[in-house]
Amino acid sequence: MASIALTTSSPTLPSLRSRTSKFTPLKSVRSCTSRSSPFNSLNFNFDVLKSNSCISSIPSLKLAKVGFGSRPNRRDLAVTASVGASVTPASVPPAQPWQGAAIKPLLASITIGVILWFVPAPSGVSQNAWQLLAIFLGTIVGIITQPLPLGAVALLGLGASVLTKTLTFAAAFSGFGDPIPWLICLAFFFAKGFIKTGLGNRIAYQFVSLFGSSSLGLGYSLVFSEALLAPAIPSVSARAGGIFLPLVKSLCVACGSNVGDGTEHKLGSWLMLTCFQTSVVSSAMFLTAMAANPLCATLTANAIQQTIGWTDWAKAAIVPGLVSLILVPLILYVIYPPTVKSSPDAPRLAKEKLATMGPMSTNEKIMAVTLLLTVGLWIFGGALNVDAVTAAILGLSVLLVTGVVTWKECLGEGVAWDTLTWFAALIAMAGYLNKYGLISWFSQTVVKFVGGLGLSWQLSFGILVLLYFYSHYFFASGAAHIGAMFTAFLSVASALGTPPYLGAIVLSVLSNLMGGLTHYGIGSAPVFYGANYVPLAKWWGYGFIMSVVNIVIWLGVGGIWWKAIGLW
């Protein structure tokens, strides 16, 4: 029972007329006293007081008279009420959940960086380079453990590099001037228009109607479609983000596999990972399938005075490439399978959906023409001196002007901006690790170590290949990795007895395949990872497994093929 006491500070009787028909005990008692008029007499009828609706409606009301019959002190009049169970105490608002970083992963990230920071730098490594490596590795640990969203973790890394004077502000944020993160960001905006207009669903249903009786058949249709486009579109980011990500997302949605509702594994997880892992294979198959491939050819000519032409590259890569394109989806289908493997009714249902959709809408037609324009510029942009990101900006401009996509919708694409932030940050830090001389020191150290083992050229080259391949964990760009390490590793391999042209071909194709290790190693990685169908730990885990598969295929099957065509 709660006790409520009312006192008056004036020797006058309140007006006892109720002004409300609904009663809330505490409020009603308070309202009676707050609107009281001066007492006219202290000798009042108790029944009248009790009959007043403002008071009599209080459950279990008990009134006490103090000093009735004589004029009491102004503080002597009191009304005491006992309120029963019908009065509910004010509910306590629930405690707000912690909105900040996950503490343990954050501490792990900071600890790794701090420990390495205070370890003395090896001979030949500058203090700035070593400190930046500490920040970079701490950031990578944070990206893996995710105490915060990836963009926030990367921003903390940039902040630490600026705060410690390891990088200037301009250097730390130089990655935002790189075209690749912006191309990836623009790809997400294209995907928005692709799905919003319904064009994505229309194309997806066409694919399902032709190949959709099984998930594996659907996956292979996408894999070989992307491989056919690869030699014509020299940007893997453009192929993945501008064409295949919107299509794959539409297919997943059409098949009932969505992000965030527990249906990711029906189709989306396997399909996203398969399309990503095969995108690095198709990039390795042609000289013009990845923007950095011509750099490999140029460095080869400078190092060993031999030229890798378009036909030479395609001839060397076609057999191991086709084997990878066949086996990679199948292996992922076994170790990371979709829950829906067969859907005999899917083609019929897809045709019914297409019939329901009717003819193309105006926005669909604008989206289709814009896509063709952008892809055309990606293919022929070299002759017109229009690069991939400029073509994408032109395409997005058309979509914005026509209202197919609005700027507000672009601003609402949080994944796009988050990807832009963390990818640009990693590009900046990895780039300055190279500029500060850490990568050249690492290359020279490896070269001296392997050269001093006295092994056959085959074993020495095998060690060099593995070190070259797995050092890509420290790179957010294939071009940066190639520029930093390709020449040194090719020169040492040649000096140790490896046939120079064979060494150049192997290092060139591996410069693409190593992009499958992480979610930042090649331009298509942030695109497919950003769809959020595959958790980061699984992305890295299956990335490592498929790296082993690809190395075995390309050095095993490829080695036999290269022997057959006379490369060694």
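Counting begins at 1 with the first residue displayed.
Placed from the backbone N, Cα and C atoms, the Cβ positions cover glycine too.
Here is what TrEMBL records for this protein:
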type: TRANSMEM; residues: 101-120; note: transmembrane segment
type: TRANSMEM; residues: 132-157; note: transmembrane segment
type: TRANSMEM; residues: 169-191; note: transmembrane segment
type: TRANSMEM; residues: 203-223; note: transmembrane segment
type: TRANSMEM; residues: 270-292; note: transmembrane segment
type: TRANSMEM; residues: 313-336; note: transmembrane segment
type: TRANSMEM; residues: 391-408; note: transmembrane segment
type: TRANSMEM; residues: 414-433; note: transmembrane segment
type: TRANSMEM; residues: 445-467; note: transmembrane segment
type: TRANSMEM; residues: 473-494; note: transmembrane segment
type: TRANSMEM; residues: 501-522; note: transmembrane segment
type: TRANSMEM; residues: 542-562; note: transmembrane segment
So which residues does the transmembrane segment (501-522) touch in its own chain, when a touch means Cβ under 8 Å and the partner is 6 or more beyond its ends?
143, 236, 276-277, 279-281, 283-284, 289-290, 292-293, 296-297, 300, 303-304, 306, 308, 313, 316-317, 320, 422-423, 426, 461, 465, 468-470, 472-473, 475-476, 478, 481-482, 486, 489-490, 493-494, 529, 536, 539-540, 543-544, 546-547, 550-551, 554-555, 558, 562, 567-568
Could you name the stretch, out of 101-120, 132-157, 473-494, 542-562, with the greatest number of CB pairs under 8 A to the transmembrane segment (445-467)?
473-494
Which of 132-157, 270-292, 414-433, 473-494, 542-562 contacts the transmembrane segment (169-191) most, counting Cβ pairs under 8 Å:
414-433
Verify whether three or more Cβ pairs under 8 angstroms connect the transmembrane segment (473-494) with the transmembrane segment (414-433), leaving out any pair fewer than 6 apart in sequence.
yes
State the non-local partners of the transmembrane segment (101-120) in its own chain: residues 6+ outside its ends, Cβ under 8 Å from one of its Cβ atoms.
130-131, 133-135, 137-139, 141-142, 145-148, 153, 160
Sequence-remote contacts (6 or more beyond its ends) of the transmembrane segment (473-494), Cβ cut-off under 8 Å?
136, 140, 178, 180, 290-292, 295-296, 299-300, 302-304, 423, 426-427, 429-431, 433-434, 439-440, 442-444, 446-447, 450-451, 457, 460-461, 464, 467, 500, 503-504, 507, 511-512, 514-515, 517-518, 520-523
